[in-house]
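Colleague: The structure is given below, and queries will be raised subsequently.
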Amino acid sequence: MDGDDKPIDRGSSRKLHSNSSTVAGTDFLETNKADRAMWLLKCPQVVTRALSNSPDDPSRPVAKVIVSVDPLQSNDDDDSSSTEFTMELADTDSGKALRAYSLNMSTDFIPMSVFSESAQGKFTVEGKILNKFDMKPHDQNLDSYGKLCRERTHKSMTKSRQIQVIDHVTGGHMRPMPGMDVLSFGAAEKKKVVSKGSENKRLRKERGELEKIIFRLFERQPYWTSKQLIQETDQPEQYMKEILKDLCVYNNKGVHQGTYELKPEYKETCEETKPR
């Protein structure tokens, strides 16, 4: 640490914690540049790609900002209407990015600061945001911008996948892997058995025969759920509910909530016919 490095206190800045090993487990934040004014620029993707493809030589500029001031308008420092900002990109290899952009300045935003972290894990405040800019194509680039939009639309409409017919194929490379044919056959047989069983369960019995079966079930126990009765009788659910609506009472509450029991008149009939 330099001699000017100070631990972060509540009054000036905020303490940070990281996994890096420091004295007494405390990290320090370099704040010498905290008051440096900086601009925040919101760039379109095409500009971001152009800037990222710029040469690594730091001496070569990637863009320049032209500030135009109208001397006939107000000279008030707080009045930004008399000032126009234009950014021109340097020559890029891609050639697809527009050269000139208008910058719309805004000072109405939440206070922000810029932070950086070195390879050694040292945190630094690079400055605070003074102005925020939004970019839009300059009027002199309207024709180029229209061309760029048309190319972008055409590219989005182009299908990336195509269907092609393969000729002169013997099918050798399309053979299933060992065990795949057995698995497929087993799955088909299993599906066939299940569907066949469900078809048998949906064969309706005569109403009189089904009522006798239901009465015998209620002789075994007084309370049954709908699912239990359907499993015992192998009848369709809707057909079973129609019969139960005529013969039984559904318990909505109490100890036997969610179950059916015979209506009182049928209970007496079952008691009379029950063998002693």
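Using the three backbone atoms N, Cα and C, a Cβ is placed for every residue, glycine included.
Residues or ranges marked as compositional bias 'Basic and acidic residues' in TrEMBL: 1-12. If you look up TrEMBL, you'll see 204-267 marked as domain 'TFIIF beta subunit HTH'. Marked as region 'Disordered' by TrEMBL: 1-20.
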Colleague: Please compute the mean pLDDT of the model over the domain 'TFIIF beta subunit HTH' (204-267).
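Modeller: Residues in the domain 'TFIIF beta subunit HTH' (204-267) carry a mean pLDDT of 90 in this prediction.
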Colleague: What does DSSP give as the helix, strand and coil breakdown of the domain 'TFIIF beta subunit HTH' (204-267)?
Modeller: 37 helix, 7 strand, 20 coil
